[in-house]
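Peer 1: Can you keep this structure in mind? I'll have questions shortly.
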Amino acid sequence: MSRPSILVLHGPNLNLLGQREPGIYGSVTLEKINQQLLSLAESLKCNIEFYQSNHEGNLVDSIQEALGCHNGILINAAAYTHTSVAIRDALAAVAIPAVEVHLSNIYRREDFRHHSFIAPIVIGQISGFGAQSYSLGLQALIHHLQTQT
């Protein structure tokens, strides 16, 4: 397989990481997470592109635009995980292998966070490992892509 390209999508309020509820989400900023992923992507020999939006439609547009450009999607839809049929449907429509990640363990939080519209259509879900959830998700996604060829 040639060098795979991965789209990393960050959902609403993730731009506030580092200052937003550090007891839940930790003190690592989104910029630091992206830097860590860039370093990991280099060692995994993949290309990576980042996009963050607080707007559902923009995330849907990014998913649709990934078709033909990216081999995989690493997504933290944040609060949209629990509410967005549109993001779920966009992921299903493009059928690009995807991994869902969350900083916190969504199943140890409020009841409304226990349901993910995204989980049934992605390869897998990683949650509860803080910023490392992203790294674990990227490793799993690349492994999946390499073993499917």
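Note: Cβ is positioned from N, Cα and C throughout, glycine not excepted.
The active site, proton acceptor annotation in Swiss-Prot covers Tyr25, and the record cites sequence analysis as its basis. Among the features that Swiss-Prot reports, active site, proton donor is placed at His102, with the record citing sequence analysis. Positions annotated as substrate binding site by Swiss-Prot, on the basis of sequence analysis: Asn76, His82, Asp89, Leu103, Ser104, Arg113. Here Swiss-Prot flags Arg20 as site 'Transition state stabilizer'.
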Peer 1: Counting other Cβ atoms within 10 Å of each Cβ, which of the recorded positions Arg20, His82 scores lowest?
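Peer 2: If we count Cβ atoms within 10 Å for the recorded positions Arg20, His82, the smallest count is at Arg20.
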Peer 1: Looking at the recorded positions Arg20, Asn76, His82, Asp89, which has the shortest Cα distance to the residue listed as 'active site, proton donor'?
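Peer 2: If we rank Arg20, Asn76, His82, Asp89 by Cα distance to the residue listed as 'active site, proton donor', first place goes to Asn76.
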Peer 1: For Asn76 (substrate binding site), what is the secondary structure state per DSSP, taken as helix, strand or coil?
Peer 2: strand
Peer 1: If we count other C-beta atoms within 10 Å, could you say which of the binding-site residues Asn76, Ser104 has the fewest?
Peer 2: Ser104
Peer 1: Neighbour count, 10 Å Cβ-Cβ cut-off, for Leu103 (substrate binding site): what number do you get?
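Peer 2: Leu103 (substrate binding site) is surrounded by 22 other Cβ atoms within 10 Å.
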Peer 1: Applying a 10 Å Cβ distance cut-off over all chains shown, what neighbour count does Asp89 (substrate binding site) have?
Peer 2: 14
Peer 1: If I take the alpha carbons of Arg20 (site 'Transition state stabilizer') and Asn76 (substrate binding site), what is the distance between them in whole Å?
Peer 2: 16
